[in-house]
Amino acid sequence: MSALLRDADLNDFISPGLACVKPAQPQKVEKKPSFEVEVGIESSEPEKVSISLQDCLACAGCITSSEEILLSKQSHKVFLEKWSELEELDERSLAVSISPQCRLSLADYYSMCLADLDRCFQNFMKTKFNAKYVVGTQFGRSISISRINATLKDRVPENEGPLLCSVCPGFVLYAEKTKPELIPHMLDVKSPQQITGNLLKQADPTCYHLSIMPCFDKKLEASREECEKEVDCVITPKEFVAMLGDLSIDFKSYMTEYDSSKELCPSGWDYKLHWLSNEGSSSGGYAYQYLLSLQSSNPESDIITIEGKNSDVTEYRLVSKSKGVIASSSEVYGFRNIQNLVRKLSQSASVKKRGIKVKRRGQSVLKSGETSEKTTKVLTADPAKTDFVEVMACPSGCINGGGLLNEEKNANRRKQLAQDLSLAYTKVHSVNIPDIVHAYDDKSNDFKYNLRVIEPSTSSDVVAVGNTW
């Protein structure tokens, strides 16, 4: 949430309705005529604060007055209290998962290489909290990507307009609350956070799952009705560091050369897999992986990259000289770009025409005899005309999540840090998604969200709103 909205002197009179981007309108009250005049008396009705979509996206997920209720189960202090109770009763084990963006952020913060950070983190969770499992999220991400690709292959031929990725809870909440027309175009495949949690709960149904994620919106994702049993608590790297401070712990004192990843991995899992990555963006590579999955059946094709008007918009096209544009996908990050995308997609009458036009335009360009390299110089990215869009609420994507350790940086340094982390991300060894999924995904779980339209709440009861989640 922006600093403006956190100011203590701000009158937080935003009704805690579920559509806070559309603040409740004050009811007009007719005043009875009076012959008495009061001087210097201010209105008894507090002035409502208007939150723009830019404030809402990539923050803490539409949270105002109900913040304490919504996040009552999602903080490092709650984790410490809960784990203390569980440890005394000795009823449950601890399972910890951490995303690659968080690992890179912590490695940068503690001036460690990624391998040292991973060993240090594993040792800390095992020694301090007696963790049974400590894993990365690549296993869950691989399954998420595979399920998304399979869904796209089924739905793209029949869908009018692009299909939208739903792994970013900030975008999902925005669509469910304010843009219900987008929901039919959104994929319901769960994120790596939830799939990892589901798999850990299968390995040990009694485990308490702590997930460390790059943004605060992931807390709200874990609070969804269909997700509650998969993740017990979500904290960010900022909160992880704050927890160490509360415990007066020197994290670097847990550095070790011993790799405990094998013994901290559930039985039957590839213990190396969790700490790897995959080709594509530092937000998960969903857009790129879709085309990569199709390229295997089109051996003479190439994937070309088309830059957008800014660095947060990128389009990919799978092309060949014989077939033209075979498929397309795009990445759209940040409020302004999401707003532009939604504006185009909301024009439902022209969505189908745009879907046809993009392929015809692509084919005509390639059939003119130009090479793929030359073609990219004359094309402009247009996500609204692609088959699939990887949407992330944070500018620069998940590598710039609000929960990462970059709060003290100014705008330029923050952007540079995101670029540095993205570069470091590309150096993480990549895995082949089809190989992983073939070996480990038994297809017995659907791993799906229950996407739905969220109607604005008419209740002013904060507790009632919190219970809605």
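Positions of Cβ are set from backbone N, Cα and C atoms, glycine also.
Not measured: the values here are computed from a predicted model.
What Swiss-Prot says about this protein:
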type	residues	note
BINDING	C20, C56, C59, C62	[4Fe-4S] cluster 1 binding site
BINDING	C168, C215, C394, C398	[4Fe-4S] cluster 2 binding site
Number of other Cβ atoms within 10 Å of the Cβ of C394 ([4Fe-4S] cluster 2 binding site) across all protein chains: 27
Surrounding CB atoms that lie within 10 Å of the CB of C215 ([4Fe-4S] cluster 2 binding site), all protein chains: 29
C168 ([4Fe-4S] cluster 2 binding site) - helix vs strand vs coil (DSSP): coil
Secondary-structure category, per DSSP, in which C394 ([4Fe-4S] cluster 2 binding site) falls: coil
C-beta crowding around C398 ([4Fe-4S] cluster 2 binding site), within 10 angstroms: 27
